[in-house]
Amino acid sequence: MAATLRIQSDWSRALSRDEGEAWLSCRSPGKATLYGSVTRRGLSSDGVPDIVASEGFVVGEVTKKSILISCPHENVSTKFLAPYTSFCRIHQQSITCLDISSGGGLGVSTSTDGTMKIWQAANGEIRRLLEGHVYDVNCCRFFPSGLVVLSGGMDAQLKIWSAEDASCVVTFKGHKGGILDTAIVDRGRNVLSCSRDGTARLWDCGHSSCLGTVADCGSPVNGMAVGTADSSLNLGSPESPPSEREVGTEGKMLLLAREDKKLQGVGLQSRQPVFLFMGSDAFNCCTFLSSTYILAGTQDGNIYQLDVRNTNAPVQVIHRSGAPVLSLLPYRDGFIASQGDGTCFIVQQDLDYVLDLTEADCDPVYKVASWEKEIYTCCRDGIVRRYQLSDL
């Protein structure tokens, strides 16, 4: 991904007016940035804008919600997609995390306004207010059933909630610092959390107890992910037989995105280290693409793709800007990434094709969630944006 095309984030608004204009830029490492613009000249008979680009840029397919732009000089093209709808009234301040239920009907989100809410994914209508954490709630996610929510906060507490009546059914205590991320093992009899205290812990939901510390990193753990590891990988053996309350941990590897610039792999059942990869800056997030390939994003804008069978060198490093990579989500045959400069993009296996989700301006996009052909983002500007890939 040598060159990056950017369009003024509120391009759909700018081009909604007759003779509207939006600005373009194309940046290649080590080269001067190319600047240009796209201008709307009117509407076609079916209501699609008639758009032309300035010298150096070419406009391809245009729909009511998307526009394809290329820069032949740098041999790069990007399709930009505007939100299908935006929800502005769920929270009053920055939205730091969100998730969508497995059936696509509900969303859950946390905010710096101190609230955590469940809402209708179709229209943003608030259904439940989840109250019980002290201080900010950092992370939230649905269990696979879509009926239960897991959350972690700066109060070092991990909580499980009923999405149906907003009751807190379980509270886990044990961390000595704020919880920064969570993960769910299989259907959710066990869950995981990582914290500013440098530890990752495994919990038993049925008995409301800690099954053990999976890793003690000596540095804050910013993000985590659990997945089935390639069968050729040696995940180690546990020093003692695992508890009968431990369900679904065999054959799983836990990824830990650490503040000390390290990405760590740990055998979930064995608690044994599998690999330790040194990055360019603090790791903020990580995810599994498959049992073989993983992704992790850093504070200085690098997205590392690694093969878990050999982590000595990355398969590739994707760098679109120096802004922090804040979230990574597997999607179809590629992934979605969001960054601190307001960019959110989908990369397919063919890295020459990028789809940009626009309109966050320069506010950080903290988290991305998806359900089928719908993608949801949350941002510092306090807006949840919903994109439909069927608009393409």
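Note that the numbers count up from 1, one per residue, in the order the chain is shown.
Each Cβ is built from the backbone N, Cα and C atoms, and glycine gets one as well.
Automatic prediction, not curation, is the source of TrEMBL annotations.
According to DSSP, the repeat 'WD' (88-129) comprises 0 helix, 21 strand, 21 coil. Annotation comment: TrEMBL describes 88-129 (among others) as repeat 'WD'.
Listed as Cβ neighbours of the repeat 'WD' (130-171) (distance under 8 Å, sequence separation of 6 or more from its ends, same chain) are residues 96-103, 105-106, 108-110, 112, 114-118, 177-182, 184, 186-188, 191, 193, 195, 197, 203, 205, 208. Marked as repeat 'WD' by TrEMBL: 130-171 (among others).
If you look up TrEMBL, you'll see 172-204 (among others) marked as repeat 'WD'. Sequence-distant contacts of the repeat 'WD' (172-204) (same chain, six or more residues past either end, CB-CB distance under 8 Å): 135-136, 138-139, 141, 143-145, 148, 150-160, 210-226, 243, 245-249, 252, 254, 256-257, 266, 268.
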